[in-house]
Amino acid sequence: MDLKHMENGMGGGGGGGGTVGNTGTLSEIDFQRLAQTIATSIQKIVQNVSTMQRMVNQCNTPQDSPELKKQLHQIMTYTNQVVSDTSNQLDEVEKCRERHLKIQRDRLVDEFTTAITAFQAVQRKTLDIKISQVHQAKANQYNIPKPPGSSNNTTNNGGNNSFFDDNIFGKKSQQQQQQQQQMQVQEEIDLQALEEQEKVIRELENNIVGVNEIYKKLGAMVYEQGLTVDSIESSVEQTSVFVSQAADNLRKASSYKNKIRKKKLILFSILTVVAVLILIVMIMQLRN
């Protein structure tokens, strides 16, 4: 599985979802399109982390091989790029100021934080394994036994054997020379392998530093979210107070309305009684 295969098989890189311009705000349509891209990238990171965890668990076991190391390095490099692209896309999402989209935006930040936490754990475990392998390789290189015919094998044989030793060195067989050449070539290959491993280690360390920077940025986002939540809670409390006051006012208004109704009924009753009395008086006068 090479890098190109991973990109094609998993739907492309994390930066494939179109980001919006560097200035201005983000429309709701652009927000939804970008949010879908971020969600896909987060899922891709989670899947890759699961694959890398299986690969790392095979290191230093009978299943370990140069091909495994190559695939692990490729998928880790690819995932690191997806993480970087997704972080940039979250910056674009922050440009959308629609309040009803805030919950969706916060959920993406939380899921991305969880994903890169798992990714960084795999990075650190891989780094520890590679450092241990380099130390072991260096120790083995320093402990390589010296080839036959070296000076250590002859310096303590005494003066009587010096002429014989000189002849041995002078007539060293071609097979021994070839063995020495092969050992030199192997040492050069081992040295190149160590240099390559150290290069991978430096790259891993730089990637871990990059992920830490993304952590800091996400921490700032979460802090801003907390301030917004506090502001919302304050607004909710104020709204609750206003609702309570409004309910009191409604109760008072209802009480005033009932009192006015009672007064109207009393006044109507009085007028009715007066009208009846006047009518009775008029009828009596007419009869007289």
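Every residue gets a Cβ built from N, Cα and C, even glycine.
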Which is it, of 63-100, 177-214, that TrEMBL names as coiled coil?
177-214
When pLDDT is averaged across the coiled coil (177-214), the result is 72
